[in-house]
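Structure, as structure tokens:
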Amino acid sequence: MLEKFVDSLWKFCRKSKFQYMTPVADAVDSFCFEPLHTPSSPPFVRDAVDVKRWMMLVVIALMPTVFVAIWNSGLQALVYQSSDPQIMEAFLHISGFTSYFSFVSKEIGIASVLFAGCKIFLPLLFISYAVGGTCEVLFAIIRKHKIAEGLLVTGMLYPLILPPTIPYWMAALGIAFGVVIGKELFGGTGMNILNPALTGRAFLFFTFPAKMSGDVWVGSNPSKIKESLAMMNSLAERSNFDGFSQSTCLQILNSTPPSVKRVHIDAIASNILKLEHVPSQEVLQSQFSTWAESFPGLTVDQLSLDQLQNFVTSPTAEGGLGLLPAHFDAAYSLTDAIYGIGKFSTGNLFFGNIVGSLGETSTVACLLGAGLLLLTGIASWRTMLSFGLSSLFFAWLFKIISILAAGQSGAWAPAKFFIPVYRHLFIGGLAFGLVFMATDPVTSPATKLAKWFYGAFIGFLTILIRLINPAYPEGVMLAILLGNVFAPSFDRIALKQYRQRRV
């Protein structure tokens, strides 16, 4: 039956009046069956894995992130829009898989979570394929060439890097820009120098920044989520710094001013977690001893919230830590991110029980996809490894430099440099970009040595933007796009090295 439909489509397109539709018939035939065409120029390689199957393997590798996107976006939306502080409290204090699924089944419902997630993700996926496919077809008809299979992957990647609240017309505009400007302008699939999905996201980020950052990470209606959070905070009598919010770890890291130092974070952590020792313990205890002269019997781990705020914001000459009162909220939030408190626990970050772009929240889902891509040889392990190691190294290097520059074990160094190095792999889109974006064989270098340079360059830029640039909370997107631009240069350097070795 399918074969008859394809045959009838070919007959229809072979009529003189509709010959311009031949690329459409060829695309449908290639999608349903084995491609009809063979290479017209060398190299000629006989292999069962053609471009279509290669693309489908990438789509299969993306399935774990797609499932997490549906599940997590649905769960976060239902919890955040519940207006019930008890549900939110229970959700934030989940520990372990047993309590997690017990909470979902009792408080929310598995079917409800999946239905809510599908309502958020599937329309964006449909828009991505429909609009992107239309652009591909139009260019194929105009240029009279075959429709390539590249959109199979681009159409899946694009919605996974969007916030769930993105308006549909913006999503359509972004994928159109990515396909037309990022790919077709350079000649189509295999000719583009920029990743089309990231190009579309970059266009939206710089054109509509308010819709791509801020409070855009939960549900599909930001206004409803804000009202629900305000009601929950009111009912739970929570203040600004300990209230429920949809801030991501990267947002907190980026928005924290340099005036928030390591000693401020350690003081707050000592009080919340009842820690007996923190990295800046010597400075902290010295200041506290002076401040506590007016409050005999107090210890830093037994302060009330008001006393803690008073200690942290009092002038250093009086034994306080000298933080501006207006920055106490930021310091309190950053403490959660650095010490893994509440929703920013290592387990939540690794498995994806956090808010963020649809497909970028779960590191474990990205690693499952990486396993398939590496097993099939589609992705370069050199790019992945150099990207990951470079990110870890430069995050560690910034930390060491800040300690050496500030002295006193880094007690007075900016606190944002002290987020645990490994956490950079779990937050934002680093894991997703490392696995699925940086390894794009079209926009990444072709030589082995160049792949090492390329991955290291992207890792360095990612951490540099995250920790130094105050304008952008996430550096992965810009780092990979810049890496795409410099990829030919890395290949040129690598080839030059090869020639020198042979001589």
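For all residues, glycine too, the Cβ spot is worked out from N, Cα and C.
Swiss-Prot tags one of the stretches 85-105, 316-336 as transmembrane segment, and that stretch is 85-105.
Under the criterion of 3 or more C-beta pairs below 8 Å, with sequence separation of 6 or more, the transmembrane segment (361-381) and the transmembrane segment (120-142) do not qualify as touching, having fewer than 3 such pairs. Using a cut-off of 8 Å between Cβ atoms, the transmembrane segment (417-437) and the transmembrane segment (55-75) share at least three residue pairs, counting only pairs 6 or more apart in sequence.
Long-range contacts of the transmembrane segment (452-472) within the same chain: residues 250, 253-254, 382-395, 398, 416-417, 424, 428, 430, 433, 438, 444-445, 478-480, 482-483, 486-487, 490, 493-494, each at least 6 residues beyond the stretch ends and with a Cβ under 8 Å from a Cβ of the stretch. Residues near Thr248 (FMN phosphoryl threonine) in space but far in sequence (CB under 8 A, at least 6 apart, same chain), listed by position: Trp217, Ile354, Val355, Gly356, Ile427, Gly428, Pro473.
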